[in-house]
Amino acid sequence: MQDDSIEASTSISQLLRESYLAETRHRGNNERSRAEPSSNPCHFGSPSGAAEGGGGQDDLPDLSAFLSQEELDESVNLARLAINYDPLEKADETQARKRLSPDQMKHSPNLSFEPNFCQDNPRSPTSSKESPQEAKRPQYCSETQSKKVFLNKAADFIEELSSLFKSHSSKRIRPRACKNHKSKLESQNKVMQENSSSFSDLSERRERSSVPIPIPADTRDNEVNHALEQQEAKRREAEQAASEAAGGDTTPGSSPSSLYYEEPLGQPPRFTQKLRSREVPEGTRVQLDCIVVGIPPPQVRWYCEGKELENSPDIHIVQAGNLHSLTIAEAFEEDTGRYSCFASNIYGTDSTSAEIYIEGVSSSDSEGDPNKEEMNRIQKPNEVSSPPTTSAVIPPAVPQAQHLVAQPRVATIQQCQSPTNYLQGLDGKPIIAAPVFTKMLQNLSASEGQLVVFECRVKGAPSPKVEWYREGTLIEDSPDFRILQKKPRSMAEPEEICTLVIAEVFAEDSGCFTCTASNKYGTVSSIAQLHVRGNEDLSNNGSLHSANSTTNLAAIEPQPSPPHSEPPSVEQPPKPKLEGVLVNHNEPRSSSRIGLRVHFNLPEDDKGSEASSEAGVVTTRQTRPDSFQERFNGQATKTPEPSSPVKEPPPVLAKPKLDSTQLQQLHNQVLLEQHQLQNPPPSSPKEFPFSMTVLNSNAPPAVTTSSKQVKAPSSQTFSLARPKYFFPSTNTTAATVAPSSSPVFTLSSTPQTIQRTVSKESLLVSHPSVQTKSPGGLSIQNEPLPPGPTEPTPPPFTFSIPSGNQFQPRCVSPIPVSPTSRIQNPVAFLSSVLPSLPAIPPTNAMGLPRSAPSMPSQGLAKKNTKSPQPVNDDNIRETKNAVIRDLGKKITFSDVRPNQQEYKISSFEQRLMNEIEFRLERTPVDESDDEIQHDEIPTGKCIAPIFDKRLKHFRVTEGSPVTFTCKIVGIPVPKVYWFKDGKQISKRNEHCKMRREGDGTCSLHIESTTSDDDGNYTIMAANPQGRISCSGHLMVQSLPIRSRLTSAGQSHRGRSRVQERDKEPLQERFFRPHFLQAPGDMVAHEGRLCRLDCKVSGLPPPELTWLLNGQPVLPDASHKMLVRETGVHSLLIDPLTQRDAGTYKCIATNKTGQNSFSLELSVVAKEVKKAPVILEKLQNCGVPEGHPVRLECRVIGMPPPVFYWKKDNETIPCTRERISMHQDTTGYACLLIQPAKKSDAGWYTLSAKNEAGIVSCTARLDIYAQWHHQIPPPMSVRPSGSRYGSLTSKGLDIFSAFSSMESTMVYSCSSRSVVESDEL
């Protein structure tokens, strides 16, 4: 850009000189025109300044012709300010302008305006590829438009002047604007013609700091179109102001303030009301509102997941002043996502974002689909089967793989720019967002026709997409296979419960079930086995017999490696990326553990680096074994077309949709990487040929149908038994095989639903070469391995495969990791904590990791004694049946001790334990078993705890020892807590001893079990990234059962599977009662319903007895015992009385024993409510004026009533003078008037009210004059209740017999008053 400006500088200088002459002639050579002011602060109006267009870096003498040395130096300073211009520096620039002398402004006023112009100029660069002739249009030389030309060229001069000094600061600053004038002129014309502008997401990157960041030229063009509109409007104002100024006189002595005007105060956009996240049901109307302010009014754009939204029939964008709204007329699943609103003006940008969740889907559902479709489209041509006898040359498939990865990498960059609301660390990046299983699938065993439920829990941000697979085949939601996914109840508990319900299982449903959760940050899977017991014995050996199907493999026996021994190796290719080691991940059913695949693709790793061993994908078990489509080094290839390891593998997909083989390879890479740390590679490589390669295929594979063994001189052979079966092996040119590695095939027999692991105990030693024979007669062979200098040649071994068409070997070729791999990459980062092969020895007798149950050492010794003997086909056939029987037994039964047996619990028990774990993971804990401390704000990469090995269920007899063992990994090292039946076990507990090893293995040991130890044991691991737990059940049986169990343990090896299966229910029939749920002490109200609920387990189902204070509770009208379908027992008491208070004890009893719990029930007395009742009514009375009078009444009620007094139906306030109200606890109420006046005469009413009701009574008060004596009425009245009534009725004057104070107790009782009061 700078070079273009320099090359065009000469023509600019010439144009400015011509413009200067034309302007001088137009002004009549008036000297005052030099000081002509401009009304637009963004431009300048000096003809001399216009002529100063000297251009290049080497044309400074041209500038000196128009400027003095002092002005030239000042131009340099102002040009530097123009490059580094920042809106926050306006005040400093204003002061700088004031410091210029009037003389300088008179001769060079352009210098005063230069900073103001450059404020907008950096936002107006355009393409520099336009024709240079654009600057020489005739309109710039016209005298009629000389003012406009002068103003435009003067602005260009400042830009040209600034370009002279860019080279001095280019090493520390790359200017974002001030490109050459040719492209700018054309861009301005385009803006005037199109009257449109485009705004990019990259507008967020506009810096307000004094040092701008580099921005590509193509993005700068889009960044400034809006600013050009503002600038064009100012230019039009400048033309009008200039024409007005041309008619007036401007003297050289004008005030400097007249040379420029202050720019209107502006402010960047700011959202006063931000968008709010919402969750709405599908089909409803959604509206997002925000309010943004800014000067000038900002331009607003809407985006959904990084894509700009425009007005359409479905989406309406409305602006009402500062209020901006986005309305979705009808929301559907595809509308779920993150919506952002960006506002920008020439002073800056601002944005706000919100998540829209459509009920029933997650925000991640709208992501990843294009990549998935693209991957499927690329993979479809590769899913082609070849005949068994087809030979093919295997070309590298790197170009295809590179095309596969190109698009996702771009998507990753866009996703990183979009705002997120994930948990962030100190660096502002998400700590971790990959999915994590907080509850994994459990292995299940069921009978035909039963209901089976697989359940797991997963969390991740954004919400992961969950898919279910059976033997690698995707399961769709159907009436037979119901897929349920419960969304998080709140943001505080982001767990999703994923469930697969099989309404009715059959024998063919047996197999491996996988639940895969994925979002844009990674993929994680949980695997479990389902075993369906059919009507026939699935282990019938006769169904597995075959005549002539054998497979021979050369392998290396595990043996201790000398500290300085050099394992055979070869030279590495330039950049080996994806590596693996052949490992058997299938254990016997009795000890199989949950498989876990985790793909940690952390945001800080998405920076354009190549995919390599740093890809961070780890897996612990291979899934989808029947899938023909395989992947090597991240590439999708056909089975007979593996890629060459010489080529560099493509980068990792941004949203990986990994199949089982790729995950298996990456996991094996971690295993071998740690193994190499323990066995360093040699300094001098030597050749180590190993056939069955699919990663290095420079020669065509030798494929033959002969049933004989075929020896190939090279190690480039590759064969297929059937198009579906795939045999990868080690890499010829990139293998570093340590003496402790032991490749083992894992065979899967789908029709019989039994997985068999080929152990070394059943392998027969053969010649030092490798052969692989299949029913089709295809053969794969390896040459003998040359011995190492310090290592004897390991004897290879052979195993036989009956009925080869029913097995599919599942293995991954071991390719070592480069010794120069960075430790910072996720693979090396996880290699120290994830499952690995121990150094010495790496495997047990079965070729499994040492933690798996191994076979008797005697059997291994017997096999080793036969190792020097050659083996032929006859010997293999003779031992075939024995091998099959041994494999079946070792897969089906675990090698357990008589006193500690592992067993399988029912699905009901499993769900109960899941409930306990779910509650514990959300309950505060008291203490941990160790002194591990975690930072409040974690730093670096963090990984939530993961169980590499889970707790098992044990059945022991009283007095026997038992040990619960599991292995936990996580970063940072998790804290560990142990619980029994939901109650935390203290680390000071002497009975239960807790231990923790350095490799993450945790154990709980009970030396001598008692009946109280029976229950559920749970271990919970926690670190700042989350919590995870798993449980194991301990069944403690009484001594009479021990002999039966011992005999069963001694004879179970000689029984068939049918007998073993028939025997299991007999053992499970004796299950001591165990309370899974029990109520605590309760307080209940008398007269209400009281319910005591408990849940108990046991076989046979126990009987419950309730005791109250030691006496049995018998069922009657108010006491009922109920049992619900869920197994909850309830004692109902309705209504509750005081007699029901006391200590309750519930006893559960069955054949094996009993269990009980107690609680205290307190009964709160029932509150008595009674409506008010008048015991003594108000009495009519009359008193002389001036005397006191008392109106009395007595009312009772429960609770005590509240009294209200009224006179002539108007409430009497308590503050009225001469009137006071009194009452006591006995219900006595009194209204005292002292002294009485004429105005007090009238009808008085007393109302008594409580919660139960209200009652009232009324009486008449008469006031007489002092001389008046009451005359008895002529008519007879009934006797009054007053003690003075009889005297009054006889005409006696009571007032004459008592003092004035005593007269207040007198009640007048005329017949009229009494009768009327009674009626009221």
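Placed from the backbone N, Cα and C atoms, the Cβ positions cover glycine too.
Fair warning: this is a prediction, and the values are worked out from it, not measured in the lab.
Feature annotations, courtesy of Swiss-Prot:
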REGION    1-522  region 'Interaction with CARP'
REGION    19-68  region 'Disordered'
COMPBIAS  23-35  compositional bias 'Basic and acidic residues'
REGION    84-145  region 'Disordered'
COMPBIAS  87-106  compositional bias 'Basic and acidic residues'
REGION    165-271  region 'Disordered'
COMPBIAS  218-239  compositional bias 'Basic and acidic residues'
COMPBIAS  240-258  compositional bias 'Low complexity'
MOD_RES   Thr251  phosphothreonine
DOMAIN    269-359  domain 'Ig-like 1'
DISULFID  Cys290-Cys341  disulfide bond
DOMAIN    435-531  domain 'Ig-like 2'
DISULFID  Cys456-Cys515  disulfide bond
REGION    554-655  region 'Disordered'
REGION    649-677  region 'Interaction with NEB'
REGION    763-805  region 'Disordered'
REGION    844-876  region 'Disordered'
REGION    945-1320  region 'Interaction with ACTN'
DISULFID  Cys1094-Cys1146  disulfide bond
DOMAIN    1172-1262  domain 'Ig-like 5'
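Mapped onto this structure are the features recorded in Swiss-Prot.
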residue	record	DSSP class
Cys290	disulfide bond	strand
Cys341	disulfide bond	strand
Cys456	disulfide bond	strand
Cys515	disulfide bond	strand
Cys1094	disulfide bond	strand
Cys1146	disulfide bond	strand
Which whole-number value in Å describes the distance between the Cα atoms of Cys1146 (disulfide bond) and Cys341 (disulfide bond)?
63
DSSP helix/strand/coil residue counts for the domain 'Ig-like 1' (269-359):
3 helix, 59 strand, 29 coil
Within the predicted model, mean pLDDT of the region 'Interaction with ACTN' (945-1320):
80
How big is the Cα-to-Cα gap, in Å, between Cys290 (disulfide bond) and Cys515 (disulfide bond)?
40
Write out how many residues of the domain 'Ig-like 5' (1172-1262) are helix, how many strand and how many coil, based on DSSP.
3 helix, 57 strand, 31 coil
Out of Cys341, Cys456, Cys515, the disulfide-bonded residues in the record, which is closest to Cys1094 (disulfide bond) when you go by Cα distance?
Cys456
Spatial neighbours of Cys515 (disulfide bond) that are distant in sequence (at least 6 apart) but have CB under 8 A:
Leu441, Phe454, Cys456, Val458, Val466, Glu467, Trp468, Tyr469, Cys498, Leu500, Ser525, Ser526, Ile527
From the DSSP assignment alone, can you count helix, strand and coil residues within the domain 'Ig-like 2' (435-531)?
3 helix, 58 strand, 36 coil
Counting only residues 6+ away in sequence within the same chain, which have a CB under 8 Å from the CB of Cys341 (disulfide bond)?
Phe271, Leu275, Leu288, Cys290, Val292, Val300, Arg301, Trp302, Tyr303, His324, Leu326, Ser351, Thr352, Ser353
With every protein chain in view, what's the tally of Cβ atoms within 10 Å of the Cβ of Cys1146 (disulfide bond), excluding that atom itself?
22
